[in-house]
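Below is one structure, written out as structure tokens; comments come after it.
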Ligand SMILES: NC(=O)c1ccc[n+]([C@@H]2O[C@H](COP(=O)([O-])OP(=O)(O)OC[C@H]3O[C@@H](n4cnc5c(N)ncnc54)[C@H](O)[C@@H]3O)[C@@H](O)[C@H]2O)c1
Ligand SMILES: N[C@@H](CCO)C(=O)O
Ligand code: NA
């Protein structure tokens, strides 16, 4: 049988990794797919660029129509990133009856509802395993492997760049900016790294995970998003003293009155497996009523790990070329007419334990004032750490761990503590997750 002809849009880190994996493992891949897979055109905007992955010159084009309008190309792989023109190219490919594989979580999270509807109408597949947690086959695991479960929650480290930066800061005392530059050099970061460090990329991925876990439409606008830019080395060190690691995570969890969707740094007890996931590695806990707790671990970014996921999707698509579209696995795991609008909670209604740090004057009664505010609001304290003053300083750092408290309550406590005359500067707040 003739090889399946594939067009590649974008030839950067992921595009290069995809070509490398497809080329090196061509024989094995053909044995799995039932047909050979051949990349016949590659769209790039910088054709002269030297690349780790050399390809024949005739493959390269700067004209997207060479792929989108070529009727012999059955599968389009999008590894350009960004919303436009990626969205228009994907919709054009779908309109021409081509199947699509994409690594673009920003696009799926924000325009996926439209893209999947177009794909269904045209009877083609849009596959996106590479979009979440790079090389970890988490989409397939939740959508197929755990399809018998009522999923209770999905939580994990889903941005390799943030995890790499936090690991470098903790282990080597590396400055934030230096660690970010290293992550960019290694090909982990988004073209605009603001998406990584401000939590937006993790929110894109959480949006996709929540949809396939709970059968809700993609709801990026409802994710609570915080990044790691404001984290200070002192908090990482104090957390360690209290027996915790600081990680940037996404949580999508069913609670009694709705669904929590949130991305932010957390303290995790250092003995938990997930607290020991370092560098570019990602890990996702999925809890289902039948299976219990599962943990998926692996490289969350990088050329070949992400290429591994892209190639698996291409193979999946090739296998379905002859399948009746009605019989395929639904894009978002649930049948499109069976998606529900579960209420997504505002952050004020979320309950977590908290870490607070403030600078307070070193005189009697100040600590009592702080703890009285917490007691008045019904917030109980798990631990207090008061550090000696730095030489020459008039204030001392006070660190508190609370038991579980509603966000609205802790916001009120922070406001009252900040108003004390003996407390100076910004009060730092991090949430704590035990993942017990
Ligand atoms: N880097 C990773 O580890 C990783 C992992 C998973 C998913 N992703 C996603 O994969 C996609 C690509 O990421 P990357 O890291 O490979 O980025 P990259 O910047 O290394 O590569 C993108 C390539 O696409 C090209 N491109 C962009 N717009 C184009 C246009 N209009 N016309 C022609 N070429 C164009 C760029 O020139 C570049 O060569 C993004 O959606 C990203 O979120 C990346
Ligand atoms: N920039 C992303 C790439 C993988 O999705 C990350 O660092 O996790
Ligand atoms: Na994946």
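Cβ from N, Cα, C; glycine included.
Curation does not apply to TrEMBL; its annotations are automatic.
Summarising the annotation, TrEMBL assigns active site, proton donor to 205. In sequence order, 105, 109, 131, 132, 133, 158, 159, 250 are the residues near residue 205 (active site, proton donor), counting only same-chain partners six or more apart with C-beta under 8 A.
Residues or ranges marked as NADP(+) binding site by TrEMBL: 9, 10, 11, 12, 13, 14, 15, 16. DSSP assigns residue 9 (NADP(+) binding site) to a strand.
The secondary structure of residue 105 (NADPH binding site), as reduced to three states from DSSP, is helical. The NADPH binding site annotation in TrEMBL covers 105.
Positions annotated as L-homoserine binding site by TrEMBL: 190. Here residue 190 (L-homoserine binding site) comes close to 81, 161, 196, 201: these same-chain residues lie at least six apart in sequence, with C-beta atoms under 8 angstroms from its C-beta.
Positions annotated as domain 'ACT' by TrEMBL: 355-432. In terms of DSSP helix, strand and coil, the domain 'ACT' (355-432) has 23 helix, 33 strand, 22 coil.
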List of residues, in chain order, with Cβ under 8 A from that of residue 12 (NADP(+) binding site) and at least 6 apart:
79, 80, 81
Entries of 9, 16, 205 (recorded positions) sitting next to ligand 1, with Cβ under 6 Å as the cut-off:
none
CB-centroid shell, 8 A cutoff, NADP(+) site 9, 10, 11, 12, 13, 14, 15, 16, site residues removed:
8, 17, 18, 44, 79, 80
Measuring Cβ to any atom of ligand 2 with a strict under-6 Å cutoff, which of the recorded positions 11, 12, 14, 15, 190, 205 qualify?
190
Do any residues at least six apart in sequence from residue 14 (NADP(+) binding site), in the same chain, have a Cβ closer than 8 Å to its Cβ, and if so which, in order?
79, 103, 130, 303, 306, 307, 310
Determine the mean pLDDT over the domain 'ACT' (355-432), rounding to the nearest whole number.
95
